[in-house]
Structure formats: C-alpha cells, structure tokens
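J.: Mind looking over this structure? Questions follow.
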Number of protein chains: 2
Amino acid sequence: MKFGIYLPEVALRRKKCPVLYWLSGLTCTEQNFVSKAGAQRYAAEHGIIVVAPDTSPRGNNVPDSPDYDLGQGAGFYVNAKREPWAKHFRMYDYVAFELPALIESEFASSEARSISGHSMGGHGALVVALRNPGRYRSVSAFSPIVAPSQVPWGQKALAAYLGDDREAWKQYDAVELVGNASERLPLLVDQGGDDEFLNTQLRPQLLKEAGEKAGYSVQINMREGYDHSYYFIASFMREHMAFHAKVLT
Amino acid sequence: MKFGIYLPEVALRRKKCPVLYWLSGLTCTEQNFVSKAGAQRYAAEHGIIVVAPDTSPRGNNVPDSPDYDLGQGAGFYVNAKREPWAKHFRMYDYVAFELPALIESEFASSEARSISGHSMGGHGALVVALRNPGRYRSVSAFSPIVAPSQVPWGQKALAAYLGDDREAWKQYDAVELVGNASERLPLLVDQGGDDEFLNTQLRPQLLKEAGEKAGYSVQINMREGYDHSYYFIASFMREHMAFHAKVLT
C-alpha cells in the first residue's frame, strides 16, 4: 500500500504533531490530493501532518473489475465479505487502524487525529469517524456520498463487497450512523451546487435531515457554482484545515 | 493553441482585471500550472486573471523531436529561424503579443500585465519582460534558466531553433539582456537550494552578477531544501502573487 504524507517542518523537530487523514474518491491514487489540493501550506501553518492513503489495494494479484467504480481505485472503505474481494479489500480496517498505527509509530507519536475526504472518500471519512467514538476529534468531507445504501455508486459497491444483506450495509452508511452516534464530534460538509453528481449520488440533504432528526448539529455548506473537482477542494481547503486545527492543535 | 485561464469572480462582473501570464517548463502543457500551483486562491484575493499557455505548438502536423527538451513541449519561447521549426515554433511572438491581444480583447480589457514562469518558462518570462520595456509591470520566476547560452538545455534548444550564430542567441538570454535593460521593472526569482538542476542548467548567480554589474536590483531568494517541482512553486505562489499584485492592482 502506498500513501502520501506531508510533514510540516515542526514535525521534523519533534514527533508530536496531530494527523489529518484524507480519503480520496473513485479512481484516485495517493497522488491526487497531494498534488492538487494545495493543503500543504495550511498544514504547515497549523503544524498538522497530512496522510493520504490510496483508495484500494493494487497490483496484478489483486482482484479488479473493468468498471471505474468497483475494484482497484474503488475500495469504498469497507471490509469486503464476498469473493473475490474478501482477502484484499479491507480498506476500513486499513484506514481506521492499520495505517494510523504505522503513522503514529513512525512519524507522529500523537493520537490527535482528524479525518476528511472527497466523494467516496467523504463517505469513508464520515463512516470511520462515526463508528469510532473518541478516536477522531473532527470529521469533514467535500461532496461526500452520504447515503451509499440509497444511491447507485453505493448500492453497486456494497452489494459487490458485502452481499445483499442490507442490514450489513448500515455500518457503512453515514445517514444510518449519524442517528446513532454516541459521540457528536464536529462535522463539516462542503458541497458544490453545480456538482454533476449532487442529486444522483451525493444527496447531502439526507445527512442534513438525519442530523436534524437526531439532534446532531451537522454543518453543510452549499457552494453555488462549484463542481465535483479538486478545484472545489482547493478552494475551501483552508477552511477545512482551520476547522480541524481548532480541535487538533 | 490551448491555454488555461483563471477568471476571479470580479472579472465576471467587470472586464478590467489585470493579467498575470505564466509560462511553464519543459514537458508541461497548459494544465500543469492550473492543477498544481494553487494560484487561484491568491488570484481571487487580488482580483488578477491568470493565463497559462502551453509550452509549444502541438499536433500531428507540427514538427517534433524524440527528446523531451526539444520540439513539442519544449518551445523555449523563441521565434525559430531554422527548419523544420521555423513555421510553427514562434512562441516568443505568441506569448508576448498574440495571446495578450486575444486575452485583452475577450477577457481583460486591461493592459496591466505581469509575467512569471518556471524553469524554461522562467527563462521565457525574463526574456519577454526584459525585451519589452513598459509592456509588463513586473516579472518573476521560479528556478529559471537564466543563461541559456551557457547551459546544456539552452545551448541545445537555441542551436536547433536559431542556428549557430551566437549573436542571435543573446536576444533570448536574460543574463545578456539584464545589462542592457532600458526599464528596470521589479524582478523576483525564487530558487530551491536542493534543485537537481541548480548548478548545471539554472545557475542563478549569473543573473545576480549581471544585475550587480548593471546596477539593476534583482531579488533572488535561495530556498534551502526545496527542489525543482511544483511543490516548490506552490510553497511560494502566495509571495509571487503578492509581488505582482503590488504593481498590478
């Protein structure tokens, strides 16, 4: 597994910096965020390490699908139960536990963690944070898939990786999880108003409604004129980094 | 010819924004700067339009070379005189006159211009600004080839595009031009101290010495630990944009 890591200058002197994990979207590798989001400057200012894992296992011996939204590049941050995926596609465990253990042993020596992501990675960030009370200090997402059980990308991936038992899907659905959250960590979403996937795959109003029903104050910023791209992410990266820094540093 | 353009919100309301031209380095297209430099946020804050042309003409009918440092992707911002390049490779005229005429007619309606660039594009920015007194308000460069007549990249390109007459090369050599500049526009260079091309292809001390000899105050910032990449550019883009904004806005 490859990952991108940004170490602010202060992290080279003392290994005590907090860590922001970033989960990328469909088709991305560990490189997209690193080269396009412009996060390093803000991470340097706040003294935050940023870690950007790949979106799936990779390699010739790893199962794949010809579709861009299943298999390599599309791990969906679940622990797969069905074949041929079950052996390698354990991205939930990887991003929530295995990778943090490595980072905290080698680079950070800090358990101050936050998590963020884009699209499929926004889904991953919300799920990982909501399922692990106390483990993360804050969570944010750009253009997240908030209800995979209710949209085509999510239904395809969850059926393939987990099978048809829709009860099992609930553990990977932020709209299902937000109502049962035992800890209400700060939660921020930014969503572009001109995002081509807004009404078909993302549907942030479902998260808003679930939050309101549960009395969980979820901040969702609709940004008119912005699309689904990394230009949108770069436009509001400073605000997301400041949001996490407030509780991390 | 393709180019990237960033229009700050204020430019959509009134066509009076100044323009910063950005010239990219070897192998780049109009996309590298647009997706990797993180300039848009600062351009938005200052109300500056940013225009990033391609680095050469392109296409199946355009001459090319198998080498990365000659032909398509390597126009070197000269008007070629030798075949097979002379017909298409007129990048000097394109970036200095043709493209600004188009931009100012379609997007800007302003003659407030500055110019910047990276590596081969830093060379281009310096040459275009120094050869056209009064046309640009400021010039900056990251890791520029300051003396193409004296380094392998430049010698190869100038010989191929212009021929062996070294007198003709002087019009495309910033170290030659800086001594004769009739207008001393603000000039800023940032150079990474760990740049692998520092002592072979870039040699910024030659520009420093030529500036000192001519009494032209040239600001060259050596940045220890930085390399030749777009990460270096992104790290100091805010400072370069502020440098240009001071005289553009």
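The backbone N, Cα and C atoms fix where each Cβ goes, and this holds for glycine too.
Sharing the features that TrEMBL gives for it:
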type	residues	note
ACT_SITE	A:Ser119	active site, charge relay system
ACT_SITE	A:Asp195	active site, charge relay system
ACT_SITE	A:His228	active site, charge relay system
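Map these features onto the structure and tell me what's around them.
T.: Counting Cβ atoms from all protein chains shown, A:Ser119 (active site, charge relay system) has 25 others lying within 10 Å of its own Cβ.
The Cβ of A:Asp195 (active site, charge relay system) has 22 neighbouring Cβ atoms from other residues within 10 Å, across all protein chains displayed.
Counting every protein chain shown, 21 other Cβ atoms lie within 10 Å of the Cβ of A:His228 (active site, charge relay system).
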J.: Just to verify a number: CA distance, A:Ser119 (active site, charge relay system) to A:His228 (active site, charge relay system), in angstrom, no decimals.
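T.: A Cα-Cα distance of 8 Å.
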J.: Rounded to an integer, what is the Cα-Cα distance in Å between A:Asp195 (active site, charge relay system) and A:His228 (active site, charge relay system)?
T.: 5
